[in-house]
Amino acid sequence: MSLAFCGNENNSLAYNVDRGVLNNGCFLDALNVVPHIFLLFITFPILFIGWGSQSSKVHIHHSTWLHFPGHNLRWLLTFILLFVLVCEIAEGIVSDGFTQSLHLHLYMPAGLAFMAGITSIIYYHNIETSNFPKLLLALLFYWVLAFLMKTIKFAKYTEHSVGLRQLRYCITGLLALLYGLLLAVEINVILGRRYLCFTEATEVKPPEDLQDLGVRFLQPFVNLLSKATYWWMNTFITAAHRRPIDLKVIGKLPIAMRALTNYLKLCKAFESQRRPLGSMPQGPKWIWRALRQAFGRPLIISITFRFLADLLGFAGPLCISGIVHHISKDNRTIQPPIKLLGVYFISSQEFLANAYVLAVLLFFALILQRTFLQASYYVAIETGINLRGAIQTKIYNKIMRLCTSNMSMGELTVGQICNLVAIDTNQLMWFFFLCPNLWAMPVQIIVGVILLYYLLGISALIGATVIAVLAPVQYFVATKLSQAQKSTLEYSSERLKKTNELLRGIKLLKLYAWEHIFCHSVEETRGKELTSLQTFALYTSISIFMNAAIPIAAVLTTFVVHVHISEEADLSPAVAFASLSLFHILVTPLFLLSSVVRSTVKALVSAQKLSEFFSSDEIGDEQEPNATMPTGPSNHKTIPSGPRNHNNKYQAVPLKVVNRKRHPRDDWNNYRHEGGNPPPQEGDQDLCIRITSGYFTWTDGTPTLSNVNIKVPFGKLTMIVGQVGCGKSSLLLAALGEMQRVSGTVTWNIPTSDKDAADDGDIQKRGSVAYASQKPWLLNATLVENITFEMPMIKPRYKAVIEACSLQPDIDILPQGDQTEIGERGIILSGGQRQRIGVARALYQQTNVVLLDDPFSALDIHLSDHLMQEGIRKLLREEKRTVVLVTHKLQYLPHADWIIAMKDGTIQTEGTLKDIQNSDPKLFEQWKTLMHRQDGEFEKETVAESMTVLERKNLRRAMYSKEASKTEEEHEEESVESEEDDSLSQAMRHRTTIPWRSCGVYLSSAGLLLPLLLLSQLFKHTLMVAIDYWLAHWTSHVITAKMDATGRNCTVAQECGFSHSWYLSVFSVLCCLGIVLCLVTSVAVEWTGLRVAKELHHNLLSKIILAPMRLFETTPLGNILNRFSSDTNTIDQHIPATLECLSRSTLLCVSALGVISYVTPVFLIALVPLAIACYFIQKYFRVASRDLQQLEDSTQLPLLSHFSETVEGLTTIRAFRYESRFRQRLLEYTDANNIASLFLTAANRWLEVRMEYVGTCVVLIAAVASISNSLYNHLSTGLVGLGLTYALMVSNYLNWMVRNLADMEVQLGSVKRINGLLKTEPENYEGLMAASQVPDGWPRQGEIQIQNLSVRYDTTLKPVLKQVNAHISPGQKVGICGRTGSGKSSFSLAFFRMVDTFEGRIIIDDIDIAKLPLQTLRSRFSIILQDPILFSGTIRFNLDPEMKATDDMLWEALEIAQLKPVVKTLPGGLDAMVTEGGENFSQGQRQLFCLARAFVRKSSILIMDEATASIDMATESILQKVVMTAFADRTVVTIAHRVHTILNADLVIVMKRGIILEYDRPQALLEKEDSVFSAFVKADK
């Protein structure tokens, strides 16, 4: 076959130019080549020169992405142009097939035009990024030429009566139109940018976002192709391999997506609904309206994309039907094409009857469908994320204005508000994600059913009914699932509560050998949880089963009915496989239905909750109409509004209080002149706060404070005293404007020197006030941030404050000093430490007024005194600051300049101490006696080791083991650092590999269920393939039977002996088997999951409970708890579903590829490059996806804790006038979380677009290969249909496979972490003696011999006791004393083998304790620890969990511990409930319960480890008496922290650094002048 441009048949009209050159078809085509050649020649050199120079000059940041006018339109038109050109090429090739020689002119010009089209857009893109519009002239010429040539060709065709019947005529007309439009776009650029024909070009700046180097999320700014394929994400995702993704890498959000922008948008929407009278409409309706107004537009775009994608989705079945139909035509004769202008023309029917053309069209339809679908997802999710940010900000602003009474009266709890943020905003976001489905589903179902009807007639409707009937069942299962999940949640929170108690009290449980009782209790709850999980698993498996079985059932019914209804049933492969694909399409919306309906219901509930929250009372609402909320200075974005609208005063910029340019110290020195004393006002100039006839209330009932008249003088110390509950704290809050004011006035006389503070009409001109609340409020931040609290750091001032609050010793203990994180997420501090930090914050602030609400309540007497002298009297008074102090410590009254005494919510009296002595002598006397008593207490309290020292000690113990000396630590730190560097490269290697080991651990826990699981999955998929293969076999036979029938002249195939029944019965059997296997696999997966969950939790719990104490001292409690909470939850509920999805999608892909390769073996060659592409895509994606998922989780934590923090510290924040700063911080947290979510979404889209494009390539290759195979090798048509149906499936399941692989990898992290804990070595519970060999009553006498004892906490640490020798006779009372860290507590722990004894031994009643089983040893002693631990449960359970003692014994124990009267009054007596941690008893009472607990045990050896540390003097003396009488005949070892408690012991041991310094009777030691013990006692006096 020879090759020529115009063909070379002899009689060719091709070269005939008698009637003019332009009337020759071939010449017209040749003329059309000119513009394309021109463009290619002109642009290539420019592109090469440009690229060469671009690489040499430093690339400016993406600010160069300036879109020229008509940017998106140009891209769209170019895409359409390229598609039409492909059609032109195809048309040329098809019509050329009818001639003997090849006519190049039919498709070569189109091919060149295609190249020119691609070149034009690349050229344009490069010019746009380098912002050099003059070079667009080349394109202008090209469009003009191309438009002219096409128009000439079109005109000539019309002239020669080529009409719409001929496809090429239509294509030419379309192309002329497209070139014309592109020319118009080009002219528009000239008009817009004025680079031609105008004197000066317009200056254009890139968008603000792109000038900011921090913005790395480029989706809104890139060109259309990059937007559709997420091309800009390539560098980001591949970079994740080199370094982990963190917040620095992902940068900032673009302005349009920031929470503030969206919040203002939402506010505007709310504003526009304001009624004429200015009131806001209530109820959830207005929330929905506002959301629609603010975020409706992008949602409509998303829905449009979704419609387009769904309609294009039907191209698959239709093209399959067409292709198979085309192949199975026995006579392939089509009427010859018409010949005009010396060229052949074909009609569009002939064009579309070509199988290859259909394959190419299918390819394009699929690519478009996938692109639209992903675009729809992306737009919906982005809108959802923006909406969540806006609502969270709105909730936060509402919190800032909430009435405190709502909080304190329990109408709104912190938990409820956190739920609004964590759950309800997310529900609305999810609703927006799924919203396009709501609209798209009906369309999909209707179109699908119509097409099925067109293919199969009435039987299709029956099949569709099967699917429809099962949809309500789906919904029922979904509701049951959510119920099961709820009950599971209840049980798991109960189990967590128990686990938490168990871990917090683990030391006590081990010392009392009770760990198994508690372990059993946790296991019991876990049992209930597992039962609930079983229900959950059952419904999940039903749901999975239905997803798999419905399509099979529908297809089966349809075909059975179809064959039975009509004799002439057309069951050709074309019909069968097209309907099979259609059923697969139909099933998808019905599965989504249940989740969409559920999501809609939840969203409605959430909107209801939000509307209730938004309409709750605000502070300042009851004030006079002139009360306006604080607004920022005028340069802020605020929306104009009515006088009472508080919605929008929103400060975007954090304002600094101190000018940072000056040196902070100067600032500090000049401070007084700046904010100085206020301008004098007559009469009031020396008053700071004045309340006249004030009535204040929390709720609408009777006023809490009535008839309040007080004045607080300037620069003086005012004290407010009175009994508990008389309204002292309320008075402070009333002055701050936190209470609802019924009547009266509050006047503040501080100028608003702070820029932060704002004018407030009601509480006149109140600036920032430093306020320390009674219950200290800490931020989740470092200790230094908690004290400076957003103020600049002034070193000398900070030092002075730390010194005044005696925080230095506490800071020294903390692992990172004052940079240690404290608060919820950091280290847990004791009450006293928290309180001192709160006071330090108030002292550090540079405000004129300081309000301190009972700062001494949790402090011991020394700290209180120190704080009073150094902090309040020295620091604050020197600075002439006004101090208002609420206190119970009357001994400080003489220091006060002004005293306000309160009683029952009114002011009893006010004045100086002298005034009160004169006016109310009775009250003065009462105070005097109380003062003396308190001073007396002071004398008794000790100096050596106060409560604080003890707190510090607890803290130090929590931090790290005792005597690990400084050098050792430094050495460790160095080694850690060097390890970190190595581990980074190792980690990068780890990140790319799938955690196969964890997967192994997970599956091996399944035991015998594993083979069942694997076999059932394999069998199921084999059967699925068998069903479809049988269908192919059957339908191919139908066609051959038909051909025979026409050959033998039977009217119907049945007459010639062909019967459907045998095929149908085999098909039915296979389908039923398939359905059964679907059930088996779904149950197997869920049951495996349950089995593993049960095993892993059981193993974890039993390992943890037997682990040595060292594990709990070195691992933060939160870490261990996380293994039991989030990790267990992942294993319980998430892994089974992911595993099922992963195995299903993987096996589907494998079976599909297998079938295609079987049908057309050539496909295997093309599979290799596709497989390599897939491998790299998933490899890069998995790493990036895991990082982004972790980032999203980790950014959500600070956001949620910021909310709970704000709610708890609302009064403090408002007192300081720091609302705007906290809002700013909220915006940062929200934006950080949102950008992580956006990047995660973009990464998922990146993956899906790529995988789906790979899938489309599979379809194209499979189609082309099978068509060729069929046409040349006579492959049966049924198999072609089978291959194509499976190819379509691959494209659907490929990305599911990778997504599930990535999820699985993240989830297997839980297994890995749990497995890490499972490797801990348990304590050695077995002894050399069996439990039965130990004498029953041992130890009877309680004689203790300690020989050469050396003890350490761990084999890697130094010894804490060194070669200690001692002998304690039966019944002796021994006191052990020594400084902190001298080894006293280690001494007591050695009796219980809680520490590693590596030398020497302890012999008790002639038995070496090292030989005993641990359980037996620990159950025979009693110990009282320094921190009292009670568990939630009854009092009986707390005293005797083993349930061995009788009621009388318990009452006796309570009586000895002085608790009988307390317990008698409680409802239920011994069965009265103790709340978690014993919160319903005071610290002292808890300590007494612990004593009673020790007494119930009646063991002959009692050890008291600093047991009286947290008890007041009175109770302590009771305890001492009790021990002496009740334990008269038992051996008691007391570790003393107040030395006077052991003065009447029989023996005193003084320790220092792990060795015994002195060992004698106390009297003997006191007689020696130089003994350490006597020094202790002197210090104690």
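Glycine residues also receive a Cβ, built from the backbone N, Cα and C atoms like all the rest.
Where the annotation comes from TrEMBL, it is an automatic prediction and has not been curated.
Annotation comment: TrEMBL describes 33-52 (among others) as transmembrane segment.
Feature annotation from TrEMBL assigns transmembrane segment to 106-124 (among others).
According to TrEMBL, the feature transmembrane segment maps to 136-154 (among others).
According to TrEMBL, the feature transmembrane segment maps to 166-185 (among others).
Here the transmembrane segment (299-324) has Cβ contacts under 8 Å with residues 352-353, 355, 358-359, 361-362, 365-366, 368-370, 372-373, 375-377, 379-380, 383, 432, 435-437, 439-440, 443-444, 447-448, 451, 455, 572-575, 577-579, 581-582, 585, 1263, 1267, 1277, 1280-1281, 1284-1285, 1288 of the same chain, all six or more residues outside its ends. Sequence annotations record features per position, and here TrEMBL assigns transmembrane segment to 299-324 (among others).
Taken from TrEMBL, the feature domain 'ABC transmembrane type-1' covers 300-602 (among others).
Residues annotated as transmembrane segment in TrEMBL: 460-478 (among others).
Marked as transmembrane segment by TrEMBL: 536-565 (among others).
Long-range neighbours of the transmembrane segment (571-593) within the same chain, counting only residues 6 or more positions beyond its ends whose Cβ lies under 8 Å from a Cβ of the stretch, are 313-314, 316-318, 320-322, 324-325, 328, 434, 437, 440-441, 444-445, 448-449, 451-452, 455-456, 460, 463-464, 467-468, 470-471, 474-475, 547, 550-551, 554-555, 558-559, 562-563, 1028, 1031-1032, 1034-1036, 1038-1039, 1060, 1277-1278, 1280-1282, 1284-1285, 1288-1289. Look at TrEMBL and you will find 571-593 (among others) tagged as transmembrane segment.
Sequence annotations record features per position, and here TrEMBL assigns region 'Disordered' to 620-646 (among others).
Residues annotated as compositional bias 'Polar residues' in TrEMBL: 625-646.
Under the heading region 'Disordered', TrEMBL lists 663-685 (among others).
Feature annotation from TrEMBL assigns compositional bias 'Basic and acidic residues' to 664-675.
Residues or ranges marked as domain 'ABC transporter' by TrEMBL: 689-929 (among others).
Among the features that TrEMBL reports, region 'Disordered' is placed at 960-986 (among others).
Here TrEMBL flags 970-983 as compositional bias 'Acidic residues'.
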Notebook entry, point to check: When you check the transmembrane segment (994-1015) against the transmembrane segment (1062-1085), do you get at least 3 Cβ pairs under 8 Å, counting only pairs 6 or more apart in sequence?
Noted result: yes
Margin query: At a C-beta cut-off of under 8 Å, are there same-chain residues at least 6 beyond the transmembrane segment (536-565) that contact it? List them, or none.
Written below: 452, 456-460, 462-464, 466-467, 470, 473-474, 477-478, 480-481, 484-485, 488, 571, 576, 579-580, 583-584, 586-587, 590-591, 1020, 1027, 1031, 1060, 1064, 1067-1068, 1071-1072, 1074-1075, 1078-1079, 1081-1083, 1085-1087, 1089-1090, 1133, 1136-1137, 1140, 1144
Notebook entry, point to check: Looking at the stretches 33-52, 136-154, 1021-1041, 1155-1177, which one shares the most CB pairs under 8 Å with the transmembrane segment (106-124)?
Noted result: 33-52
Check: What else in the chain is close to the transmembrane segment (33-52), if you only count residues 6 or more beyond its ends and a Cβ gap under 8 Å?
Finding: 108-109, 112-113, 115-116, 119-120, 122-123, 126, 130, 135, 138-139, 141-142, 145-146, 149
Check: Looking only at residues six or more beyond either end of the transmembrane segment (1021-1041), which have a C-beta under 8 A from one in the stretch?
Finding: 328, 552, 559, 571-573, 575-577, 580, 1053, 1056, 1058, 1060, 1063, 1066-1067, 1070-1071, 1073-1074, 1077, 1147-1148, 1150-1151, 1154-1155, 1276-1279, 1281-1282, 1285-1286
Next item on the list: Let me know the model's mean pLDDT on the domain 'ABC transporter' (1344-1578).
Entry: 82
